[in-house]
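Q: Quick one: the structure is below, and I'll ask about it shortly.
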Amino acid sequence: MARGHCNWLLTPSAMGEVDAAAAASGIDSYGLMEKAGQAVAAAVLRLFPGAERFVVLCGPGNNGGDGYVAARALHETGAPVALFHFGDPATLKGDAATARSRCPIEGAPLDTCRPAPGDVIVDAIFGAGLARAVPPAVADIVQRVDEAGLPVVAVDLPSGIDGRTGVVMGAAFRARHTVTFMTRKPGHLLLPGRMHCGSVETFDIGIPFRLVEAKGERLFVNGPEAWDAAMPQTDAAAHKFRRGHLTVFSGGAAATGAARLAAAAGLRAGAGVVTVASPKEAVAANAAHLTAVMLKAVETESDLADYLHDERRSVFVLGPGFGVGAKARAFVTALAAAGRRLVLDADGITAFAEDPQALFSAFADSVPRLVLTPHEGEFARLFPDLAADPALSKVDRARQAAARANAAVIYKGADSVIAAPDGRALINGNAPPSLATAGSGDVLAGIVGGLLAQGVPAFEAAAAGVWLHGDAAQRAGAGLTAETLINHIDRWH
Ligand SMILES: NC(=O)C1=CN([C@@H]2O[C@H](COP(=O)(O)OP(=O)(O)OC[C@H]3O[C@@H](n4cnc5c(N)ncnc54)[C@H](O)[C@@H]3O)[C@@H](O)[C@H]2O)[C@@H](O)CC1
Ligand SMILES: Nc1ncnc2c1ncn2[C@@H]1O[C@H](COP(=O)(O)OP(=O)(O)O)[C@@H](O)[C@H]1O
Ligand SMILES: [K+]
């Protein structure tokens, strides 16, 4: 699936297995720690050459071990270094004990640390091994460093961030920069973890990547590597119907804008033909605003049955502005029975809140041909148990939802997760906050529909759609509206 390695993600437990496999293959594990700590020192010196003092905070595990190496490396440059330890350093084991024994700096207990202006903090308290809420002594230093506004460089993860879920375990440093090793972890991308990491650097400490691949969890950062091969190729002979037909359902006369946004986005994303299917009462409102997009009155279930006689009408977007109710359910059921592919968004999702299983059963039969695009509130309506389970990460939730619905799921947010029923998952990282504007979700639904219309499979269409949406938003600039966003959507090829 992926070319190159920079888009790989491993959970902390999988990374631990990789570390163990590296050691079992004869690689010197202390050598890995040495490289990790040296990389941290190099980053600190590069980013903060004018620091008056480096304050290295070392925890009770291997993250602390990296800290002892970094402290020694900083000290060897002649820089002033202070070291504080959480827990009794005499109980350190293995590589961390070795790292401490080679560090010439006498440490002091963490609760004696008094951060001062000019300090740069190196946070090596907890990394992958964080197992529960941070103890009060750590919460306390987090608060003091925060209040003093001092820059923090985090080793592997800011202490307090759960690398699997991105959740803050009681309290967590807000780092300017984080140096992690071999691959990023989900907590570097998922919220709120991402907000605590600052810039993230992934340093290769020399574990052969085949060992990483062997423990891979089919989880990546969303980007072209994940879907490029599935995208449509346009050649000179491209015919508008070969580029597919997308239909977007409009709401009533007072709710037509959302469908038009989705339709225009679908056209920009490369669908050959796009039709807005409108209730009769809204035809005039739609006609007044549509040019390249076609318009057809589709009011009743019987109108829809007629409309579906043309097999070229293969892909649909239902939800934006559609209204919540029996009509939405009936239309979705008819589309499913007719073997059509569907992006179900907004009201279309909410319409199944009372009986999600009816939706899942309708699309259970085949290769996934449903894309669901819930934001957090909509997700909880279709999957209340998954939304309420605190043990699940956003990735776990999206994956389980995708399997249950036999759908590609885009679990939206600033950290959108895209998941397939077969367990593949991606975390998106390119969406700017300017996307938090009315109608941007309608644009996303249209882009995904436009890609489906060109024959892109559900998961790849969902993932590419999210990425192209973020990419368009970056070009549209901070003042974007849903309308201007559409003008920046690029066809992929
Ligand atoms: N080959 C390797 O294994 C490498 C590991 N590296 C470092 O090793 C780290 C992982 O090391 P560890 O698995 O030892 O984990 P950590 O060092 O992150 O933390 C584990 C220790 O913290 C304790 N702990 C966890 N949560 C706590 C809490 N809330 N309150 C109090 N104590 C708590 C645990 O009992 C354990 O002693 C990585 O983050 C990375 O920095 C690097 O040295 C690179 C190489
Ligand atoms: N803070 C944010 N940063 C990045 N992307 C965001 C942010 N907030 C929302 N988005 C994205 O913007 C879109 C909003 O969709 P949605 O919640 O359906 O809004 P609307 O109904 O207004 O269109 C989604 O693609 C979501 O991932
Ligand atoms: K840390």
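In case you wondered, yes, glycine gets a Cβ from its N, Cα and C as well.
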Q: Among Gly439, Gly441, Gly446, which residue shares the AMP site with Lys412, Gly413, Ala414, Asp415, Ser416 according to TrEMBL?
A: Gly441
Q: The domain 'YjeF N-terminal' (15-213): mean pLDDT?
A: 97
Q: Quiz question: given the binding-site residues Gly65, Gly413, Gly441, which has the greatest number of C-beta atoms lying within 10 angstroms of its own C-beta?
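A: Highest number of other Cβ atoms within 10 Å: Gly65.
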Q: Want to know which binding-site residues, from Asp123, Ala128, Ala131, Asp156, His375, are within 10 Å of Ser416 (AMP binding site) at Cα; which are they?
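A: Correct set: His375.
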Q: Within the chain of Lys412 (AMP binding site), which residues six or more apart in sequence place their C-beta under 8 angstroms from its C-beta?
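A: Looking at Cβ-Cβ distances below 8 Å from Lys412 (AMP binding site), excluding near sequence neighbours, one finds Thr373, Pro374, His375, Glu376, Gly441, Leu444.
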Q: Counting only residues 6+ apart in the same chain, whose Cβ is under 8 Å from the Cβ of Asn62 ((6S)-NADPHX binding site)?
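A: The list for Asn62 ((6S)-NADPHX binding site) reads Met33, Gly94, Asp95, Ala96, Gly127, Gly129, given in order along the sequence.
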Q: Tell me the Cβ neighbour count for Asp415 (AMP binding site), meaning other Cβ atoms within 10 Å of its Cβ, over all protein chains shown.
A: 21
Q: Through the lens of DSSP with three states only, how would you label Asp123 (K(+) binding site)?
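A: In the DSSP reduction, Asp123 (K(+) binding site) maps to strand.
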